[in-house]
Amino acid sequence: MAGRYDPNPFDEEQVNPFSNPRSAASATNSRPAPLNPDRADYNYGFGPTVDIPLDTSTDGKKKERDLQAKEAELRKREQEVRRKEEAIARAGIVIEEKNWPPFFPIIHHDITNEIPIHLRTLQYVAFFSLLGLVLCLTWNVVSVTAAWIKGEGVKIWFLAIIYFIAGVPGAYALWYRPLYRAFRTDSAIKFGWFFMFYLLHIGFCILAAVAPPIVFKGKSLTGILSAIDVVGDYTLVGIFYFIGFGFFCLETLISIWVIQQVYMHFRGGGKTAEMKREAALGAMGAALR
C-alpha cells in the first residue's frame, strides 16, 4: 500500500530555477529573440507606393481624335481604290497577276479559271505545243553545241542561241498569248493575230525538221538533212540531231492539229464576219485620228 506522501506519477515535474544557476541561464537563453523593428516591411518588398493621377480625360480625347482621323483616312483610301477598280472594269482592263511558273512567276496563266470549259482541252494542247517548242529549241542548242565541240564551227552555235532567245518569248507573245486572250474574251481580232503568227510557227517547225543546207550548211538546226550529214563523221552528234529531228516533227504535227481545231471553233462561232467588222472599225478609228 502506497504511503500518504508518495509522489503522484502524473504530476508535472517541478523545477526550481534558483536551485541550479546554469539551468536558469539556459532557460533564459532559450527565449526567442525580439523582432528588429527596422526589418518590419509592411509593403512586402514592393517599395513605396506611387500616386497615379486619375485625371486622364484629356489624353483619352486626344487618342479618340487620332483614331477618328485614321479611320477617316482609311475610309478615303478605300473609296479611292473602289473608284479605280470601277474605272478599270468599265474600261475592260483585266488586272493579271503573275503566277506561272510557280517557283518563279513571270507570266499570268490560269486556264482552269479563265478559259471556258469547252475550250480548256484545246488551250492546254496549245500550251503543250509552246512547251514543245521550248524543248525543241533547247535540244537544238545542246546538239549544235556538241557539233561545235567536234569542230563544226562557232557560227552554227550562235545561230542556235539566236533561235532560242528569239523563238521562246516570240512564240509566247505572238501566238500563244493572243490565243489565250481570244478564248477568254472571244475577240475576233485576237483570233486573226493568232492565225497569222501560228502559221509562221508551223513553217519554222517544218523548216527545222528538214534543215535544208541554206544557212551554214543547215547544221544550226537539228533536221533530217543535217543529221544525215553529221552522222557520217560523228556518230554521237548524229544521234543527237536525229532526236532533234523527231522533236521538230512531233511539234509540227501537234501544231497542225491545234490550228485545225481553233479554225473549226472560229468558223463555227461566226467569227469571220465579226473579225471583218472589228478590222473595219479599227481602220475607221485610225483614219479619224
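Backbone N, Cα and C atoms are what each Cβ position is placed from, and that goes for glycine too.
Annotation source Swiss-Prot lists topological domain 'Cytoplasmic' at 1-123, 260-289, citing sequence analysis. Sequence annotations record features per position, and here Swiss-Prot assigns region 'Disordered' to 1-65. For 16-31, the entry in Swiss-Prot reads compositional bias 'Polar residues'. Feature annotation from Swiss-Prot assigns transmembrane segment to 124-144, 156-176, 191-211, 239-259.
Outside the transmembrane segment (124-144), and at least 6 residues removed from its termini, the chain residues within Cβ reach (under 8 Å) are 109, 111, 152, 156-157, 159-161, 163-164, 167-168, 171-172, 176, 179, 201, 205, 208, 219-222, 237, 240-241, 243-244, 247-248, 250-251, 254-255, 257-258, 261-262. Residues 133, 136, 140, 167, 171, 174-175, 178-179, 182, 218-219, 221-227, 245, 248-249, 251-252, 255-256, 258-259, 262-263, 266, 271, 275, 279 of the same chain lie 6 or more positions beyond the ends of the transmembrane segment (191-211) yet place their CB under 8 Å from a CB of it.
Per-residue confidence over the topological domain 'Cytoplasmic' (1-123) averages out at a pLDDT of 69.
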